[in-house]
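Colleague: What follows is a structure written as structure tokens; I'll ask about it next.
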Amino acid sequence: MIISTEELTPQEIVERLDKYIIGQNKAKRSMAIAIRNRYRRQKLEEELKEEVIPKNILMIGPTGVGKTEIARRLAKLIKAPFIKIEVTKFTEVGYVGRNVESMVKDLVAESIQLVEEEKHEEVSKQARKQAENRIIDLLLSEKKSSSKGEQETDLRTRRREIKEQLFKGLLEDEYVTVKLEKEPAQDDNLMGEQFEEMGVNFKELFGKILPKESEHKKMTVKEARKVLTRQEADKLINKDQVNQEAIERAENYGIIFLDEFDKIAASSGKQSGGQDVSREGVQRDILPIVEGSTVNTRYGRVKTDHIMFIGAGAFHDSKPADLIPELQGRFPIRVELDSLTKDDFYRILTEPSNALLEQYKALLRTEEVKVNFTEDAIEELANMCEYVNENTEDIGARRLHTILETLLEELSFYAPEMKGQEVEINSNYVKDQLQDIVTEKDSSRFIL
């Protein structure tokens, strides 16, 4: 189920986001308020509820400062369906490229998967029990006695013995033959978007008409348990109920993140002719979806009136005012994200629960190599990251990944031969590995 936003105040949402994302408090606050407003809307009377539309958000800031991560983490927090779409992939209707309605179909597909996983979790105990009964039957058939009389006499005893051994984990490496169903072969070109737009689910239709193919596969009991539990869970859940719940969740809680949003705005002060006409065409195609319309999908009709849209872009060559007025009005909340400083980089390296340094240390620990970063080493890394971003292209926190990969390349290569060793990385080590590359502009441009 969705985490009740009644339990999460805007302040609590920001606090949870702080565990993973450094800084950008204004963006976090705006997102937290938008999520809380969804809860407030659900408490309104039905007539007024339909009138309250979500306030879509426009995030403005360079790459790598946390635009996508804030939205993704928030969606994960409340278990809302979330998709990230690059709007540059869309073209005007009638041209080669993705139709803008495909974003809604992708959101519903994501919602279906989310709800299915939750339903599987709800029936997991029962499904596992039924799967283990099937495994016992398979083990009995694999080891059945050649004597029919003996089989009938000892069947219960042998079944009890196998059950005890199975629960003790003694049969995990035994092999059983499992029947797997395969979907009938279908040509996706014959079942394209034009049929989906009419609300026709050809995959489901052909699945009912054509006989399902099956194959028998030999696998260990451990592998079979996963496969059979999934099969049993599928039998226990109601697909129609899943579809209905998923559509409702997509409609009321779905988040569509429109990346590269600045790329469909006309360039400020530049005359690019036909290109600007094409960009405006994409904006006008997106507009009805953002304003609220009904899209036919293979799972049913989906209303977009209360889906939250987040437009995000750097807006270097254009500005929000270059979007068509109607679309500007649909993104009333504007949030500017700050470029990251050396202090931000230092905090990113050390504070989050999934901090980068902890990730690299954990990876090398699998080779039994213990790595320690001194305080001055972390400060030096933060300084270098800021310097390279200022002197080449500002890619925000993504720069840390390239710098750390370069720093630890030699250590990662020789780690299997260094079992049991402890390595201390200090500022001198950082300078030895990176100083020449950082100060040489051509090298830093291509390597970092």
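In case you wondered, yes, glycine gets a Cβ from its N, Cα and C as well.
Pulled these features from Swiss-Prot for this protein:
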- Ile22, Gly64, Val65, Gly66, Lys67, Thr68, Glu69, Asp259, Glu326, Arg398: ATP binding site (BINDING)
Colleague: Give the sequence-ordered list of residues that share a chain with Lys67 (ATP binding site), lie 6 or more positions from it, and have CB atoms under 8 Å from its CB.
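Modeller: Ala27, Met59, Gly61, Asp259, Ala312, Leu337 - these are the non-local Cβ neighbours of Lys67 (ATP binding site), listed in sequence order.
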Colleague: Which residue, out of the binding-site residues Ile22, Val65, shows the minimum number of other Cβ atoms inside 10 Å of its Cβ in this structure?
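Modeller: Comparing Cβ neighbours within 10 Å for the binding-site residues Ile22, Val65, Ile22 has the fewest.
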Colleague: Among all protein chains shown, how many Cβ atoms are found within 10 Å of the Cβ of Glu326 (ATP binding site), not counting that one?
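Modeller: Total other Cβ atoms inside 10 Å, all chains included: 13.
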Colleague: Please give the maximum pairwise Cα distance, in Å and rounded to a whole number, for the ATP-binding set Ile22, Gly64, Val65, Gly66, Lys67, Thr68, Glu69, Asp259, Glu326, Arg398.
Modeller: 34
Colleague: Identify, in sequence order, the residues in the chain of Glu69 (ATP binding site) that are 6 or more apart from it along the sequence and have a CB within less than 8 Å of its CB; answer 'none' if there are none.
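Modeller: Once residues fewer than 6 apart are set aside, Glu69 (ATP binding site) is near Tyr20, Ile21.
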Colleague: DSSP secondary structure for Glu69 (ATP binding site), reduced to helix/strand/coil, please.
Modeller: helix
